[in-house]
Amino acid sequence: MHKYLYIAAGGAAGSLCRYLVSGVTQRMFATSFPIGTFSVNMIGCLFFGLVTGLFEERLGLPPEMRLLILTGFMGAFTTFSTYMFESTNLIKSGQWAMTALNIGGQSILGFACIVGGLALGRLIVS
């Protein structure tokens, strides 16, 4: 049960930070480009890599802190960092085809799912 509390606490903080960072960045640059989301995703990748590099590979990250920081906080802040981390692991293990499938598949199918979901939603309400 405690593991769910770590994830929930991290998730609450991560979603709040995502909202704040994205909103402030978008207002700061006042552009139609989604710079807020772009910034959150890049910050998330940097932070995920930093935490993993520092703690998991060198200093040891207790399982509870992994749940709090990586699963909870980062999971709510951005899943893009997890997507990139998993792609990096595929590259490290020499699985180039799987890397291309993961990156290409998630990008293309994700876009198609958004378009399909929007169309389905509009169809349902019309």
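Yeah, the Cβs are placed from backbone N, Cα and C, and that goes for glycine too.
According to Swiss-Prot, the protein carries these features:
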{"type": "BINDING", "residues": "G75, T78", "note": "Na(+) binding site"}
{"type": "TRANSMEM", "residues": "4-24", "note": "transmembrane segment"}
{"type": "TRANSMEM", "residues": "35-55", "note": "transmembrane segment"}
{"type": "TRANSMEM", "residues": "67-87", "note": "transmembrane segment"}
{"type": "TRANSMEM", "residues": "100-120", "note": "transmembrane segment"}
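Across the candidate stretches 4-24, 35-55, 100-120, the maximum count of CB pairs under 8 A to the transmembrane segment (67-87) is reached by 4-24. Within the chain carrying the transmembrane segment (100-120), a Cβ under 8 angstroms from the stretch's Cβ atoms is held by residues 83, 86-87, 90, all 6 or more beyond its ends.
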